[in-house]
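Annotated in Swiss-Prot:
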BINDING   Asn104, Arg105, Asp126, Trp175, Glu176, Leu177, His178, Glu195, Cys196, Asn224, Tyr284  NAD(+) binding site
BINDING   Tyr253, Arg272, Tyr284, Pro285, Asn286, His287, Tyr366  substrate binding site
REGION    1-32  region 'Disordered'
SIGNAL    1-58  signal peptide
Amino acid sequence: MNDDARPAPEPQDMPPHSGAADEPARQDPSRRSVLWTTAGVAGAGIGLGALGTGNASAAESTAPQALSAAEAAAAAPARQGRTMAGVRFEGRSTIRVGIVGLGNRGGSMIDLFLAVPGVQVKAVCDPVRDKAERAAAKVTAAGQPAPTVYAKGEDDYENLCKRGDLDFVYVATPWELHFPMAKTAMLNGKHVGVECPIAMRLDELWQLVDLSERTRRHCMQLENCCYGRNEMRVLRMAHAGLFGDLLHGAGAYNHDLRELMFDPDYYEGPWRRLWHTRLRGDLYPNHGFGPVANYMDVNRGDRASSISSIGTPALSLAEYRKERMPAGDPSWKESYIGADRTISLVQTAKGRVIRLEHDVSSPHPYSRINSLGGTRGVFEDYPERIYLEPTNTNHQWDDFKKYAEWDHWLWKEHANPPGGHGGMDYMMVFRLMQCMRLGLVPDFDVYDAATWTAPVPLSHLSIKAKGAPLPIPDFTRGEWKKTRSGVDSEKPAE
(Lines of atoms letter the chains of each structure in order from A and count residues from 1; the text may use other names and numbers.)
(Lines give C-alpha, C1' and ligand atoms only; values in the text may rest on other atoms or scores of the structure.)
Protein backbone atom coordinates (compact mmCIF):
# COMPACT_ATOMS: atom_id res chain seq x y z
CA MET A 1 0.00 0.00 0.00
CA ASN A 2 1.13 3.57 0.13
CA ASP A 3 3.16 3.97 3.27
CA ASP A 4 3.95 1.34 5.80
CA ALA A 5 6.29 0.39 8.56
CA ARG A 6 5.77 -3.36 8.19
CA PRO A 7 4.58 -5.83 5.56
CA ALA A 8 0.83 -6.09 5.06
CA PRO A 9 -1.14 -9.32 4.92
CA GLU A 10 -2.29 -8.73 1.37
CA PRO A 11 -3.47 -11.16 -1.34
CA GLN A 12 -0.68 -11.91 -3.79
CA ASP A 13 -2.67 -10.50 -6.69
CA MET A 14 -3.72 -7.40 -4.83
CA PRO A 15 -2.93 -4.21 -6.76
CA PRO A 16 -0.64 -1.65 -5.20
CA HIS A 17 -1.36 1.68 -3.80
CA SER A 18 0.81 4.61 -4.55
CA GLY A 19 2.63 5.98 -1.63
CA ALA A 20 5.63 6.97 0.31
CA ALA A 21 6.54 9.41 2.98
CA ASP A 22 3.83 11.24 4.80
CA GLU A 23 4.68 13.24 7.90
CA PRO A 24 2.96 12.30 11.15
CA ALA A 25 0.08 14.49 12.21
CA ARG A 26 1.21 17.79 13.66
CA GLN A 27 -0.21 21.14 14.64
CA ASP A 28 1.43 23.29 11.99
CA PRO A 29 0.05 22.81 8.46
CA SER A 30 2.24 20.69 6.20
CA ARG A 31 2.84 21.39 2.52
CA ARG A 32 0.47 18.51 1.83
CA SER A 33 -2.43 20.01 3.76
CA VAL A 34 -1.79 23.45 2.30
CA LEU A 35 -1.77 22.02 -1.22
CA TRP A 36 -5.14 20.43 -0.69
CA THR A 37 -6.72 23.31 1.21
CA THR A 38 -5.65 25.95 -1.29
CA ALA A 39 -6.67 23.76 -4.21
CA GLY A 40 -10.18 23.64 -2.82
CA VAL A 41 -11.89 20.31 -2.40
CA ALA A 42 -15.20 22.09 -2.87
CA GLY A 43 -14.43 22.64 -6.51
CA ALA A 44 -12.63 19.39 -7.23
CA GLY A 45 -11.01 21.45 -9.95
CA ILE A 46 -14.24 21.87 -11.92
CA GLY A 47 -16.03 24.83 -10.41
CA LEU A 48 -18.08 22.93 -7.87
CA GLY A 49 -17.83 25.39 -5.02
CA ALA A 50 -21.53 26.12 -5.08
CA LEU A 51 -22.28 22.44 -4.79
CA GLY A 52 -20.57 21.94 -1.44
CA THR A 53 -17.65 19.81 -0.38
CA GLY A 54 -19.58 16.61 -0.04
CA ASN A 55 -20.65 17.10 3.58
CA ALA A 56 -23.21 14.46 4.32
CA SER A 57 -25.70 17.09 5.45
CA ALA A 58 -25.10 19.44 2.52
CA ALA A 59 -27.82 19.93 -0.04
CA GLU A 60 -27.52 17.88 -3.21
CA SER A 61 -26.74 19.73 -6.40
CA THR A 62 -29.12 19.70 -9.30
CA ALA A 63 -28.39 17.83 -12.49
CA PRO A 64 -28.29 21.07 -14.54
CA GLN A 65 -25.72 22.55 -12.15
CA ALA A 66 -23.57 19.45 -12.32
CA LEU A 67 -23.86 19.19 -16.09
CA SER A 68 -22.94 22.84 -16.55
CA ALA A 69 -19.84 22.48 -14.37
CA ALA A 70 -18.74 19.24 -16.02
CA GLU A 71 -19.30 20.56 -19.54
CA ALA A 72 -17.14 23.57 -18.77
CA ALA A 73 -14.39 21.30 -17.48
CA ALA A 74 -14.72 18.91 -20.41
CA ALA A 75 -14.08 21.66 -22.96
CA ALA A 76 -10.53 21.27 -24.20
CA PRO A 77 -8.32 24.32 -23.63
CA ALA A 78 -6.22 25.60 -26.50
CA ARG A 79 -3.46 23.14 -27.31
CA GLN A 80 -0.03 24.37 -26.20
CA GLY A 81 2.08 21.77 -27.99
CA ARG A 82 1.70 18.69 -30.16
CA THR A 83 0.09 15.38 -29.40
CA MET A 84 2.12 12.81 -27.50
CA ALA A 85 0.11 9.92 -28.96
CA GLY A 86 2.49 7.59 -30.75
CA VAL A 87 5.62 9.51 -29.69
CA ARG A 88 8.64 7.28 -29.10
CA PHE A 89 11.11 7.49 -26.25
CA GLU A 90 14.58 8.65 -27.24
CA GLY A 91 16.23 5.26 -26.76
CA ARG A 92 19.18 4.75 -24.39
CA SER A 93 21.42 1.86 -23.43
CA THR A 94 20.95 2.64 -19.73
CA ILE A 95 17.89 4.25 -18.14
CA ARG A 96 18.81 6.48 -15.22
CA VAL A 97 16.04 6.56 -12.63
CA GLY A 98 15.16 8.78 -9.68
CA ILE A 99 12.66 7.46 -7.13
CA VAL A 100 10.47 9.81 -5.10
CA GLY A 101 8.65 8.21 -2.20
CA LEU A 102 10.07 5.20 -0.38
CA GLY A 103 7.26 4.00 1.83
CA ASN A 104 5.43 0.75 1.34
CA ARG A 105 5.03 1.07 -2.42
CA GLY A 106 8.20 2.88 -3.43
CA GLY A 107 10.30 0.90 -0.97
CA SER A 108 9.29 -2.34 -2.67
CA MET A 109 9.30 -1.09 -6.25
CA ILE A 110 12.95 -0.08 -6.03
CA ASP A 111 13.79 -3.80 -5.92
CA LEU A 112 12.12 -4.26 -9.30
CA PHE A 113 13.89 -1.34 -10.94
CA LEU A 114 17.15 -2.86 -9.73
CA ALA A 115 16.16 -6.27 -11.13
CA VAL A 116 15.57 -5.00 -14.67
CA PRO A 117 18.60 -5.03 -16.99
CA GLY A 118 19.81 -1.67 -18.23
CA VAL A 119 18.47 0.38 -15.31
CA GLN A 120 20.51 2.44 -12.87
CA VAL A 121 18.95 4.06 -9.80
CA LYS A 122 20.78 7.38 -9.48
CA ALA A 123 18.76 9.17 -6.78
CA VAL A 124 16.23 8.43 -4.05
CA CYS A 125 14.01 10.85 -2.16
CA ASP A 126 11.88 10.69 0.96
CA PRO A 127 11.50 13.23 3.79
CA VAL A 128 11.87 10.35 6.24
CA ARG A 129 15.64 9.95 6.00
CA ASP A 130 15.69 6.42 7.37
CA LYS A 131 13.51 5.24 4.49
CA ALA A 132 15.66 7.01 1.92
CA GLU A 133 18.85 5.55 3.36
CA ARG A 134 17.40 2.03 3.46
CA ALA A 135 16.54 2.40 -0.20
CA ALA A 136 20.04 3.66 -0.99
CA ALA A 137 21.47 0.60 0.75
CA LYS A 138 19.44 -1.62 -1.56
CA VAL A 139 21.02 0.10 -4.55
CA THR A 140 24.57 -0.52 -3.38
CA ALA A 141 23.70 -4.07 -2.34
CA ALA A 142 22.63 -4.65 -5.95
CA GLY A 143 26.11 -3.66 -7.09
CA GLN A 144 25.30 -0.17 -8.32
CA PRO A 145 27.01 3.06 -7.23
CA ALA A 146 25.50 4.73 -4.18
CA PRO A 147 22.60 6.97 -5.23
CA THR A 148 22.24 10.54 -4.05
CA VAL A 149 19.85 10.76 -1.11
CA TYR A 150 17.33 13.60 -0.94
CA ALA A 151 15.74 13.80 2.50
CA LYS A 152 15.71 17.48 3.43
CA GLY A 153 11.99 18.00 3.84
CA GLU A 154 8.93 17.64 1.64
CA ASP A 155 10.28 19.87 -1.15
CA ASP A 156 13.59 18.09 -1.72
CA TYR A 157 12.08 16.15 -4.62
CA GLU A 158 12.44 19.37 -6.59
CA ASN A 159 16.22 19.09 -6.31
CA LEU A 160 16.10 15.49 -7.48
CA CYS A 161 14.09 16.53 -10.53
CA LYS A 162 16.62 19.25 -11.38
CA ARG A 163 19.45 16.74 -11.82
CA GLY A 164 20.87 16.52 -15.31
CA ASP A 165 21.62 12.80 -15.16
CA LEU A 166 18.09 11.37 -14.90
CA ASP A 167 15.90 10.03 -17.68
CA PHE A 168 12.90 8.97 -15.63
CA VAL A 169 11.32 9.92 -12.30
CA TYR A 170 9.13 7.41 -10.49
CA VAL A 171 6.61 8.89 -8.01
CA ALA A 172 5.03 6.84 -5.21
CA THR A 173 3.74 9.34 -2.67
CA PRO A 174 0.40 10.32 -1.10
CA TRP A 175 -2.17 11.21 -3.73
CA GLU A 176 -2.24 14.97 -3.23
CA LEU A 177 1.46 15.15 -4.10
CA HIS A 178 1.23 13.25 -7.37
CA PHE A 179 0.28 16.25 -9.49
CA PRO A 180 2.93 18.72 -8.29
CA MET A 181 5.63 16.06 -8.50
CA ALA A 182 4.69 14.96 -12.02
CA LYS A 183 4.56 18.59 -13.06
CA THR A 184 7.98 19.33 -11.57
CA ALA A 185 9.54 16.31 -13.27
CA MET A 186 8.30 17.30 -16.72
CA LEU A 187 9.26 20.95 -16.29
CA ASN A 188 12.77 19.70 -15.58
CA GLY A 189 12.88 17.58 -18.72
CA LYS A 190 12.17 14.16 -17.21
CA HIS A 191 9.75 11.47 -18.27
CA VAL A 192 7.62 10.61 -15.26
CA GLY A 193 5.61 7.63 -14.05
CA VAL A 194 3.17 8.10 -11.19
CA GLU A 195 1.28 5.66 -9.01
CA CYS A 196 -2.52 5.80 -8.88
CA PRO A 197 -4.30 8.18 -9.07
CA ILE A 198 -2.18 10.62 -11.07
CA ALA A 199 -4.12 13.68 -9.83
CA MET A 200 -7.34 14.46 -7.96
CA ARG A 201 -8.81 17.33 -10.00
CA LEU A 202 -9.86 17.77 -13.63
CA ASP A 203 -7.93 21.00 -14.03
CA GLU A 204 -4.81 19.17 -12.87
CA LEU A 205 -5.41 16.42 -15.42
CA TRP A 206 -5.63 19.00 -18.20
CA GLN A 207 -2.44 20.64 -16.95
CA LEU A 208 -0.59 17.33 -17.09
CA VAL A 209 -1.81 16.73 -20.64
CA ASP A 210 -0.72 20.20 -21.71
CA LEU A 211 2.64 19.91 -19.96
CA SER A 212 3.37 16.56 -21.56
CA GLU A 213 2.59 17.97 -24.99
CA ARG A 214 4.57 21.15 -24.41
CA THR A 215 7.66 19.59 -22.82
CA ARG A 216 7.62 16.47 -25.06
CA ARG A 217 7.99 14.33 -21.94
CA HIS A 218 5.81 11.30 -21.34
CA CYS A 219 3.65 11.37 -18.21
CA MET A 220 2.27 7.94 -17.36
CA GLN A 221 -0.12 6.45 -14.85
CA LEU A 222 1.76 3.32 -13.77
CA GLU A 223 -1.26 1.03 -13.74
CA ASN A 224 0.17 -2.36 -12.88
CA CYS A 225 -3.14 -4.18 -13.22
CA CYS A 226 -2.90 -3.71 -16.98
CA TYR A 227 -0.01 -6.20 -16.81
CA GLY A 228 -1.73 -8.95 -14.84
CA ARG A 229 -1.62 -12.36 -16.51
CA ASN A 230 -5.41 -12.62 -16.80
CA GLU A 231 -5.78 -9.03 -17.96
CA MET A 232 -3.19 -9.45 -20.71
CA ARG A 233 -4.67 -12.77 -21.81
CA VAL A 234 -8.17 -11.31 -22.04
CA LEU A 235 -6.75 -8.31 -23.90
CA ARG A 236 -5.21 -10.51 -26.59
CA MET A 237 -8.36 -12.62 -26.87
CA ALA A 238 -10.53 -9.53 -27.20
CA HIS A 239 -8.33 -8.06 -29.91
CA ALA A 240 -8.37 -11.39 -31.75
CA GLY A 241 -12.17 -11.29 -31.82
CA LEU A 242 -12.90 -14.23 -29.51
CA PHE A 243 -15.52 -12.20 -27.63
CA GLY A 244 -17.11 -10.93 -30.84
CA ASP A 245 -18.13 -7.29 -30.86
CA LEU A 246 -17.45 -5.91 -27.38
CA LEU A 247 -20.48 -4.71 -25.43
CA HIS A 248 -19.68 -4.25 -21.77
CA GLY A 249 -17.03 -4.64 -19.09
CA ALA A 250 -16.53 -4.04 -15.41
CA GLY A 251 -13.66 -3.25 -13.09
CA ALA A 252 -13.33 -2.39 -9.43
CA TYR A 253 -11.22 -1.71 -6.43
CA ASN A 254 -13.14 -3.57 -3.76
CA HIS A 255 -10.68 -4.15 -0.95
CA ASP A 256 -11.40 -3.94 2.77
CA LEU A 257 -8.82 -1.42 4.03
CA ARG A 258 -10.42 -0.51 7.36
CA GLU A 259 -7.76 -2.14 9.51
CA LEU A 260 -4.93 -0.55 7.56
CA MET A 261 -6.50 2.91 7.39
CA PHE A 262 -6.88 2.99 11.17
CA ASP A 263 -3.50 1.40 11.89
CA PRO A 264 -1.22 4.14 13.30
CA ASP A 265 1.89 2.42 11.94
CA TYR A 266 0.87 1.32 8.45
CA TYR A 267 0.69 4.79 6.90
CA GLU A 268 2.71 7.70 8.24
CA GLY A 269 -0.19 9.85 9.22
CA PRO A 270 -3.87 9.45 8.33
CA TRP A 271 -3.68 10.89 4.80
CA ARG A 272 -5.34 7.89 3.14
CA ARG A 273 -8.25 7.85 5.57
CA LEU A 274 -8.70 11.62 5.34
CA TRP A 275 -9.72 11.40 1.70
CA HIS A 276 -12.94 9.83 2.97
CA THR A 277 -13.69 13.15 4.70
CA ARG A 278 -13.27 15.10 1.43
CA LEU A 279 -14.85 13.35 -1.54
CA ARG A 280 -17.89 11.14 -1.96
CA GLY A 281 -16.93 9.45 -5.20
CA ASP A 282 -14.63 6.75 -6.55
CA LEU A 283 -11.22 7.58 -5.08
CA TYR A 284 -9.34 4.82 -6.88
CA PRO A 285 -10.83 3.92 -10.28
CA ASN A 286 -7.61 3.14 -12.13
CA HIS A 287 -7.11 -0.54 -11.27
CA GLY A 288 -10.52 -1.44 -12.66
CA PHE A 289 -10.82 1.13 -15.43
CA GLY A 290 -7.39 0.73 -17.02
CA PRO A 291 -7.59 -2.93 -18.09
CA VAL A 292 -11.17 -2.68 -19.38
CA ALA A 293 -10.31 0.51 -21.26
CA ASN A 294 -7.50 -1.43 -22.92
CA TYR A 295 -9.84 -4.25 -23.93
CA MET A 296 -12.06 -1.68 -25.65
CA ASP A 297 -9.23 0.36 -27.19
CA VAL A 298 -10.27 3.49 -25.33
CA ASN A 299 -8.22 6.39 -26.73
CA ARG A 300 -7.27 4.10 -29.64
CA GLY A 301 -10.50 3.90 -31.65
CA ASP A 302 -13.07 4.47 -28.91
CA ARG A 303 -13.29 6.88 -26.01
CA ALA A 304 -14.93 7.19 -22.61
CA SER A 305 -17.60 9.83 -23.18
CA SER A 306 -19.79 10.02 -20.06
CA ILE A 307 -20.09 8.81 -16.48
CA SER A 308 -23.00 8.40 -14.08
CA SER A 309 -22.29 7.55 -10.44
CA ILE A 310 -24.25 6.66 -7.34
CA GLY A 311 -23.05 5.96 -3.83
CA THR A 312 -24.22 4.30 -0.65
CA PRO A 313 -24.33 6.05 2.72
CA ALA A 314 -20.99 6.51 4.48
CA LEU A 315 -21.38 4.24 7.51
CA SER A 316 -18.66 1.62 7.77
CA LEU A 317 -15.62 3.72 8.74
CA ALA A 318 -17.50 5.39 11.58
CA GLU A 319 -18.80 2.02 12.74
CA TYR A 320 -15.31 0.51 12.65
CA ARG A 321 -13.98 3.47 14.63
CA LYS A 322 -16.73 3.08 17.23
CA GLU A 323 -15.90 -0.59 17.70
CA ARG A 324 -12.09 -0.43 17.55
CA MET A 325 -10.66 3.00 18.32
CA PRO A 326 -10.17 4.32 21.87
CA ALA A 327 -11.62 7.59 23.06
CA GLY A 328 -9.25 10.42 22.30
CA ASP A 329 -7.92 8.88 19.10
CA PRO A 330 -7.44 11.62 16.46
CA SER A 331 -9.86 9.81 14.15
CA TRP A 332 -12.77 10.85 16.38
CA LYS A 333 -12.41 14.38 15.00
CA GLU A 334 -13.11 13.13 11.47
CA SER A 335 -16.46 13.11 9.67
CA TYR A 336 -16.61 10.53 6.89
CA ILE A 337 -18.63 11.43 3.82
CA GLY A 338 -17.15 9.08 1.19
CA ALA A 339 -19.70 6.50 0.07
CA ASP A 340 -18.96 3.02 1.38
CA ARG A 341 -19.47 1.76 -2.16
CA THR A 342 -19.66 3.78 -5.34
CA ILE A 343 -20.95 2.36 -8.59
CA SER A 344 -20.32 4.21 -11.83
CA LEU A 345 -21.45 3.54 -15.38
CA VAL A 346 -19.15 4.82 -18.09
CA GLN A 347 -20.41 4.93 -21.66
CA THR A 348 -18.07 5.01 -24.62
CA ALA A 349 -18.44 6.75 -27.96
CA LYS A 350 -19.32 3.38 -29.51
CA GLY A 351 -22.07 2.80 -26.96
CA ARG A 352 -20.25 0.25 -24.83
CA VAL A 353 -20.77 0.29 -21.06
CA ILE A 354 -18.11 -0.01 -18.35
CA ARG A 355 -19.17 -0.52 -14.73
CA LEU A 356 -16.76 0.72 -12.07
CA GLU A 357 -16.98 -0.01 -8.34
CA HIS A 358 -15.03 1.26 -5.35
CA ASP A 359 -15.33 -0.01 -1.79
CA VAL A 360 -12.53 0.04 0.77
CA SER A 361 -14.76 0.63 3.80
CA SER A 362 -16.99 -2.41 4.24
CA PRO A 363 -16.19 -6.10 4.87
CA HIS A 364 -15.87 -8.19 1.71
CA PRO A 365 -13.31 -10.34 -0.11
CA TYR A 366 -10.86 -8.67 -2.44
CA SER A 367 -12.03 -8.20 -6.04
CA ARG A 368 -11.26 -6.11 -9.11
CA ILE A 369 -14.20 -7.80 -10.94
CA ASN A 370 -12.33 -7.61 -14.28
CA SER A 371 -15.09 -8.73 -16.62
CA LEU A 372 -15.62 -8.38 -20.35
CA GLY A 373 -18.62 -9.31 -22.47
CA GLY A 374 -19.32 -9.34 -26.18
CA THR A 375 -21.60 -10.87 -28.78
CA ARG A 376 -19.81 -14.23 -28.53
CA GLY A 377 -19.35 -14.60 -24.79
CA VAL A 378 -18.09 -13.28 -21.48
CA PHE A 379 -15.15 -13.49 -19.07
CA GLU A 380 -15.38 -12.81 -15.35
CA ASP A 381 -12.60 -12.80 -12.79
CA TYR A 382 -12.59 -13.44 -9.00
CA PRO A 383 -12.81 -16.34 -9.55
CA GLU A 384 -11.72 -16.56 -13.17
CA ARG A 385 -14.21 -18.19 -15.53
CA ILE A 386 -15.24 -17.89 -19.15
CA TYR A 387 -18.11 -18.70 -21.49
CA LEU A 388 -17.54 -18.43 -25.24
CA GLU A 389 -19.53 -19.63 -28.19
CA PRO A 390 -19.30 -21.96 -30.02
CA THR A 391 -17.24 -23.87 -27.43
CA ASN A 392 -19.70 -23.31 -24.58
CA THR A 393 -23.41 -23.89 -25.13
CA ASN A 394 -24.55 -25.52 -21.88
CA HIS A 395 -24.99 -22.42 -19.70
CA GLN A 396 -22.04 -23.54 -17.54
CA TRP A 397 -18.85 -21.57 -16.93
CA ASP A 398 -15.68 -22.98 -18.48
CA ASP A 399 -12.10 -23.16 -17.16
CA PHE A 400 -10.08 -20.09 -18.17
CA LYS A 401 -6.85 -22.07 -17.84
CA LYS A 402 -7.70 -23.74 -21.14
CA TYR A 403 -6.87 -20.45 -22.85
CA ALA A 404 -3.24 -20.23 -21.70
CA GLU A 405 -2.14 -20.19 -25.33
CA TRP A 406 -3.38 -16.60 -25.44
CA ASP A 407 -0.92 -15.41 -22.81
CA HIS A 408 0.92 -12.24 -23.76
CA TRP A 409 4.54 -12.68 -24.82
CA LEU A 410 5.66 -10.96 -21.62
CA TRP A 411 4.12 -13.75 -19.56
CA LYS A 412 5.45 -16.44 -21.85
CA GLU A 413 8.99 -15.11 -21.43
CA HIS A 414 8.71 -14.27 -17.71
CA ALA A 415 6.59 -17.10 -16.37
CA ASN A 416 7.65 -16.54 -12.74
CA PRO A 417 8.49 -12.86 -12.39
CA PRO A 418 9.83 -11.44 -9.12
CA GLY A 419 7.96 -9.00 -6.96
CA GLY A 420 4.47 -8.75 -5.56
CA HIS A 421 0.93 -8.73 -6.90
CA GLY A 422 1.42 -11.94 -8.82
CA GLY A 423 4.24 -10.53 -10.92
CA MET A 424 2.36 -7.68 -12.56
CA ASP A 425 4.60 -5.07 -10.90
CA TYR A 426 7.71 -6.52 -12.48
CA MET A 427 6.03 -6.85 -15.87
CA MET A 428 5.09 -3.18 -15.79
CA VAL A 429 8.58 -2.01 -14.82
CA PHE A 430 10.31 -4.36 -17.26
CA ARG A 431 8.14 -3.28 -20.18
CA LEU A 432 8.42 0.44 -19.42
CA MET A 433 12.19 0.28 -19.12
CA GLN A 434 12.34 -1.82 -22.30
CA CYS A 435 10.34 0.80 -24.19
CA MET A 436 12.68 3.52 -22.94
CA ARG A 437 15.85 1.59 -23.82
CA LEU A 438 14.71 0.62 -27.31
CA GLY A 439 13.09 3.94 -28.18
CA LEU A 440 9.57 2.52 -28.45
CA VAL A 441 6.19 4.15 -27.95
CA PRO A 442 5.02 3.62 -24.33
CA ASP A 443 2.16 1.20 -23.83
CA PHE A 444 0.09 4.01 -22.27
CA ASP A 445 0.48 7.76 -22.08
CA VAL A 446 -0.79 10.96 -20.49
CA TYR A 447 -4.17 10.65 -22.23
CA ASP A 448 -4.74 7.25 -20.65
CA ALA A 449 -3.61 8.61 -17.29
CA ALA A 450 -6.10 11.46 -17.46
CA THR A 451 -8.96 9.30 -18.73
CA TRP A 452 -8.52 6.58 -16.12
CA THR A 453 -8.38 9.19 -13.34
CA ALA A 454 -11.23 11.46 -14.46
CA PRO A 455 -13.81 9.38 -12.52
CA VAL A 456 -12.31 10.63 -9.24
CA PRO A 457 -13.73 14.18 -9.44
CA LEU A 458 -16.56 13.35 -11.85
CA SER A 459 -18.02 10.56 -9.70
CA HIS A 460 -18.05 12.94 -6.73
CA LEU A 461 -19.99 15.49 -8.76
CA SER A 462 -22.36 12.95 -10.27
CA ILE A 463 -23.19 11.51 -6.84
CA LYS A 464 -23.87 15.02 -5.57
CA ALA A 465 -26.25 15.43 -8.52
CA LYS A 466 -28.10 12.17 -7.75
CA GLY A 467 -26.44 10.17 -10.49
CA ALA A 468 -26.62 12.70 -13.31
CA PRO A 469 -24.59 11.56 -16.35
CA LEU A 470 -21.66 13.90 -16.91
CA PRO A 471 -19.28 14.28 -19.87
CA ILE A 472 -15.75 12.91 -19.63
CA PRO A 473 -13.25 15.21 -21.34
CA ASP A 474 -11.61 14.10 -24.56
CA PHE A 475 -8.07 14.58 -23.35
CA THR A 476 -6.74 13.41 -26.74
CA ARG A 477 -8.44 16.32 -28.54
CA GLY A 478 -9.72 14.03 -31.26
CA GLU A 479 -6.71 11.71 -31.52
CA TRP A 480 -8.75 8.84 -30.04
CA LYS A 481 -10.25 8.16 -33.47
CA LYS A 482 -6.88 6.92 -34.73
CA THR A 483 -5.82 3.31 -34.22
CA ARG A 484 -2.47 3.05 -32.45
CA SER A 485 -0.42 0.72 -30.31
CA GLY A 486 -1.14 -0.02 -26.66
CA VAL A 487 -0.52 -2.66 -24.02
CA ASP A 488 -1.24 -5.43 -26.54
CA SER A 489 2.28 -5.09 -27.92
CA GLU A 490 4.35 -7.26 -30.18
CA LYS A 491 7.65 -8.54 -28.88
CA PRO A 492 10.37 -6.09 -29.99
CA ALA A 493 13.74 -7.03 -31.37
CA GLU A 494 16.42 -6.39 -28.76
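Using N, Cα and C of the backbone, Cβ positions are placed for all residues, glycine too.
Structure with Swiss-Prot features highlighted.
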{"residue": "Asn104", "record": "NAD(+) binding site", "CB count, 10 Å": "28"}
{"residue": "Asp126", "record": "NAD(+) binding site", "CB count, 10 Å": "31"}
{"residue": "Glu176", "record": "NAD(+) binding site", "CB count, 10 Å": "22"}
{"residue": "His178", "record": "NAD(+) binding site", "CB count, 10 Å": "28"}
{"residue": "Cys196", "record": "NAD(+) binding site", "CB count, 10 Å": "30"}
{"residue": "Arg272", "record": "substrate binding site", "CB count, 10 Å": "22"}
{"residue": "Tyr284", "record": "NAD(+) binding site", "CB count, 10 Å": "26"}
{"residue": "Pro285", "record": "substrate binding site", "CB count, 10 Å": "30"}
{"residue": "Asn286", "record": "substrate binding site", "CB count, 10 Å": "31"}
{"residue": "Tyr366", "record": "substrate binding site", "CB count, 10 Å": "15"}
Quiz item: Within 10 angstroms of the C-beta of Tyr253 (substrate binding site), what count of other C-beta atoms is obtained when all protein chains are considered?
Solution: 27
Exercise. Could you tally the C-beta atoms, other than its own, that fall within 10 angstroms of the C-beta of His287 (substrate binding site)?
Key: 28
Quiz item: Roughly how many Å separate the Cα of Tyr284 (NAD(+) binding site) from that of Tyr253 (substrate binding site), to the nearest whole number?
Solution: 7
Quiz item: Could you give the maximum C-alpha to C-alpha distance in Å for the residues Asn104, Arg105, Asp126, Trp175, Glu176, Leu177, His178, Glu195, Cys196, Asn224, Tyr284 that bind NAD(+) per the record?
Solution: 23
Exercise. Looking only at C-alpha atoms, tell me how far Cys196 (NAD(+) binding site) is from Arg272 (substrate binding site), rounded to the nearest Å.
Key: 13
Quiz item: How big is the Cα-to-Cα gap, in Å, between Asn286 (substrate binding site) and Glu176 (NAD(+) binding site)?
Solution: 16
Exercise. Measure from the Cα of His178 (NAD(+) binding site) to the Cα of every one of the binding-site residues Tyr253, Arg272, His287, Tyr366, then give the nearest.
Key: Arg272
Practice problem: Could you say whether, by DSSP, Tyr253 (substrate binding site) belongs to a helix, a strand or a coil region? | Solution: strand
Self-check item: Candidates Asn104, Asp126, Glu176 (binding-site residues) - the one closest to Pro285 (substrate binding site) by CA
Solution: Glu176
Practice problem: Out of the binding-site residues Tyr253, Arg272, His287, Tyr366, give me the one sitting nearest to Asp126 (NAD(+) binding site) by CA distance. | Solution: Arg272
Exercise. Would you work out the biggest C-alpha to C-alpha distance among Tyr253, Arg272, Tyr284, Pro285, Asn286, His287, Tyr366, the residues that bind substrate according to the record, and give it in angstrom as a whole number?
Key: 18
Self-check item: From binding-site residues Tyr253, Arg272, His287, Tyr366, the one whose Cα lies nearest Asn104 (NAD(+) binding site)
Solution: Arg272
